[in-house]
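**Student:** Below you'll find the structure I mean.
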Amino acid sequence: MPVATSTVQSPKTWLDDQEAYYDEEAERLSNVIDETLKQESLKRKEQSKREVKVLLLGQSESGKSTLHKQFQLLYASQALEIERPSWRTAVYLNVIRAVRAIFEGLDGGISQATEERSREPSISYDNGDDIVRLQARLLPLLAAEATIASELNGGFTGRASLYVRTGWQTWVSSGRPKGDSTTNTTSDITSMAVAILRHAQDDIEALWRNPLVCELAGLRKLGLEESAPFFLNNLSRILEDSYLPTIDDILNTRIQTLGVVEHILPLRRGSEEILWRMYDVGGARSQRNAWIPYFDDATAIIFLAPISAFDQHLEENPKVNRIEDSLQLFSAICSNKLLKGASLILLLNKVDVLKQKLESGTRVLKYIPSYGKRRNNYESVAEYFRVHFKQIHHRSDSGGRGLYTHFTTMVVWDMNALLFHLLMLE
Ligand SMILES: Nc1nc2c(ncn2[C@@H]2O[C@H](COP(=O)(O)OP(=O)(O)OP(=O)(O)O)[C@@H](O)[C@H]2O)c(=O)[nH]1
Ligand SMILES: [Mg+2]
């Protein structure tokens, strides 16, 4: 007798169906997730095609922020135009810093001067009392430096006279009427700075005209920053009522970068718009660890080395020659594994300063013994440094990359060709 088949499913079969159902559902979900991830990855790829990540690297005062200003001038001039009035305070601060640097260079005025008189008989100058008198009269100006810098820093009180944090333009220009980018209505701090400077104008000019100061500045024995003569020579223009910083003023203004600052520039190449994420870093030794998190995915490194600095030492370590530091840093950047996919561009900067130094008789051999018997003219010196950097690249490059090298003077407004070239590189 045939066994009657039951229409009721056994519990095992029912469980099997449930399992099959869950398997199907899991597969469907997994496919959805895969597809979503694929789409996201495609979207990211598409986006990154239109994005370029450029790191501006180099020691402090190599010209990184100045290069960023050049990019702004060419590709985001409107933003710079809006910021223009707020640069007044930074310019005033640069003037005060130049005055302080003169006194520091003279070692408080007289002791160095007396020494210089015996060492440099050619220097004729007025009684050193003049400098002491001027220093006493300029004390209130020097005392105001920290207050102005702290305002620019948004209250940061560290080495206040040196650092200025990102975004300072916003709080400095807060006194300006909304929407008005051209008038000189100023914040309290700008008014204070200009009032103090006008009060001190005659004394600053007398100091800058003082024969000893002139001679020592000419011989580069005061250790002034590059921009100091520029601002001191332009004092009466800078202190006019209608003063609005010019492009030259902005390019020459020194503001030390703190940390890493991201700038986004939408650049056009043909019909394509490319977003440049440009990272401008603080170049002092104490700040270099902060660069590392930005190394991932960098498209290009623009490395700046001031080749005029052969006779200077690091502010953060007076035993280290600045060219030596630049070479070491460049070697570390070339050999860094995280950066091996990035294009390398080397800008040998401050050509104008190098030429001035050589013309005024500064000898490279005195500071760099390996310079040997080569001629002490611009062509030989520039070539010597170019070859040195090239050799470092050859020895330490981790990615088998080419090296694009340019000589630059970053404060001169003729960078269109170079910037255009850089734009085409990525
Ligand atoms: N004469 C001259 N001055 C330059 C040149 N490049 C930069 N400077 C000046 O050098 C000073 C330092 O330049 P910055 O661009 O602030 O240097 P940085 O590399 O950003 O320095 P940190 O922010 O400290 O890392 C500024 O006063 C610039 O105007 C140049 O080619 N020639
Ligand atoms: Mg900077």
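Even glycines carry a Cβ here, placed using N, Cα and C.
Per TrEMBL, the features are:
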| type | residues | note |
| --- | --- | --- |
| BINDING | 61-66, 251-257, 349-352 | GTP binding site |
| BINDING | S65, T257 | Mg(2+) binding site |
**Student:** Name, in the order they occur in the sequence, the residues of the same chain whose CB lies under 8 A from the CB of E61 (GTP binding site) and which sit 6 or more residues away.
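**Tutor:** E225, R254, G283, P306, A309 - these are the non-local Cβ neighbours of E61 (GTP binding site), listed in sequence order.
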**Student:** If you count CB neighbours within 10 Å, which one among the binding-site residues K64, R254 has the smallest count?
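**Tutor:** Counting other Cβ atoms within 10 Å of each of the binding-site residues K64, R254, the minimum falls on R254.
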**Student:** Determine the most Cβ-crowded residue among the binding-site residues S65, T257, using a 10 Å radius around each Cβ and all protein chains in the structure.
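**Tutor:** Of the binding-site residues S65, T257, the most buried by Cβ count within 10 Å is S65.
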**Student:** Ligand 2 is in the model; which of the binding-site residues K64, S65, T257, V351 have a C-beta less than 6 angstroms from one of its atoms?
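**Tutor:** Checked binding-site residues vs ligand 2; flagged K64, S65, T257.
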**Student:** If you measure from the CA of S65 (Mg(2+) binding site) out to 10 Å, which binding-site residues from the list L251, T257, V351 are inside that radius?
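**Tutor:** Within 10 Å Cα-Cα: L251, T257.
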**Student:** When you measure from the Cβ of L251 (GTP binding site), how many other Cβ atoms are you left with inside 10 Å?
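**Tutor:** By my count, 21.
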**Student:** Measure from the Cβ of V351 (GTP binding site) and count the other Cβ atoms within 10 Å, all protein chains considered.
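**Tutor:** Here the count is 20.
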**Student:** According to DSSP, which of helix, strand or coil covers R254 (GTP binding site)?
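**Tutor:** In the DSSP reduction, R254 (GTP binding site) maps to coil.
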